[in-house]
Amino acid sequence: MLDKDKAEKALDLAMSQIEKQFGKGAIMRLGNEEALPDIASIPTGSLSLDIALGVGGVPRGRVIEIFGPESSGKTTLALHVISEAQKLGGIAAFVDAEHALDIGYARKLGVKTDDLLVSQPDTGEQALEIAETLVRSGAIDVLVVDSVAALVPKAEIEGDMGDSHMGLQARLMSQALRKLTGIISKSNCCVIFINQIRMKIGVMFGNPETTTGGNALKFYASVRMDIRKIAALKQGNDMIGSRTRVKVVKNKVAPPFKEVEFDILYGEGISKEGDILDLAVERNVVEKSGAWFSYGKERIGQGRENSRLFLKEHPEITAEIREKLVTPQQDAATPGAV
């Protein structure tokens with residue numbers, strides 16, 4: 001075994017050779033200043049979900065999976081992330097493998113559709129090649145693939161109906177993610193895969209649900225969010241939206257398994273004011289006495305809906321409440337396994 005001085009010199013030489021061959025940052029000592037920078041993130045449009053994710057939103061330079069049943073709000077959540085990225089001056093891309101993107105709805109959620117890059121690929125291979133090229137450019141801040149289930153391999157499209165193509169899609173996803181993860185990390189781009197749920201046949205015990213596209217995405221994703229519609233929201237006899245629960249089932253950048261609930265309103269998306277109101281009541285920033293909601297010495301409304309509308313009409317009060325909710329969370333991001 002080398003003595004300490006010789007070992008240090010040998011290590012310095014080895015590290016300089018590695019950096020010369022593979023570039024600066026290829027190897028680093030974690031004790032050094034700025035060895036691991038703070039994890040940058042993009043807000044989700046829901047303050048409670050940003051707090052649950054631990055880093056203030058979805059982390060940049062990582063793979064994210066949003067999965068859930070049909071009409072649960074998967075695309076809505078992804079479009080909100082795009083909207084927030086654009087507000088920060090970022091460029092967003094949407095790979096619409098399902099050929100079902102509603103531009104009008106995206107616009108209502110605050111997406112600047114004129115600046116949005118949209119691709120409607122014919123095959124799964126084409127979709128993932130486009131995604132790789134965009135991420136490799138280094139200019140994209142967030143890229144959404146909607147959805148993994150619609151990434152149909154070329155062989156399946158060109159084959160006859162009824163042909164067996166066992167494991168083709170899983171192999172395609174595995175190969176693509178092996179190539180993508182490295183360049184996603186270097187480019188600081190947030191790549192969101194939207195996924196659907198399927199039922200495993202013959203499962204007697206445990207959860208019969210699984211996601212499409214094999215297991216590769218489960219492993220490569222730094223954050224996995226399970227989104228579910230838990231109740232319908234009504235105003236009189238009219239349906240105005242749905243109460244939605246999101247569970248962070250995997251999180252490599254903060255403690256996982258946190259759950260949040262918020263409203264998704266039809267034609268409006270995530271109810272930011274409703275979300276802030278619920279969180280403020282939970283944290284005693286807003287007081288609830290019977291049906292009345294009070295902030296400071298001022299009553300803001302009778303009933304949750306009236307209070308939500310008050311916050312919508314008074315953005316300066318909403319911003320003030322939001323600031324009080326965010327400030328104690330600044331040191332709450334506890335990085336887990338990175």
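Every residue, even glycine, has its Cβ placed from backbone N, Cα and C.
The structure displayed is predicted, hence computed values, not measured ones.
Per Swiss-Prot, the feature ATP binding site maps to G68, P69, E70, S71, S72, G73, K74, T75. Around K74 (ATP binding site), a 10 Å sphere centred on its CB holds 22 further CB atoms from the protein chains shown.
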Checklist outcome for this item: Going by C-beta under 8 A and a gap of 6 or more residues, the same-chain neighbours of G73 (ATP binding site) are I227, K229, S242, T244, I264
Checklist outcome for this item: Ranked by how many other Cβ atoms lie within 10 Å of their Cβ, the binding-site residues G68, P69 are led by G68
Next on the checklist: Other than G68, P69, E70, S71, S72, G73, K74, T75 themselves, what residues in this chain have Cβ atoms within 8 Å of the centroid of the ATP site's Cβ atoms?
Outcome noted: I227, K229
Checklist outcome for this item: Neighbour count check, CB within 10 A, over binding-site residues E70, S72; minimum at E70
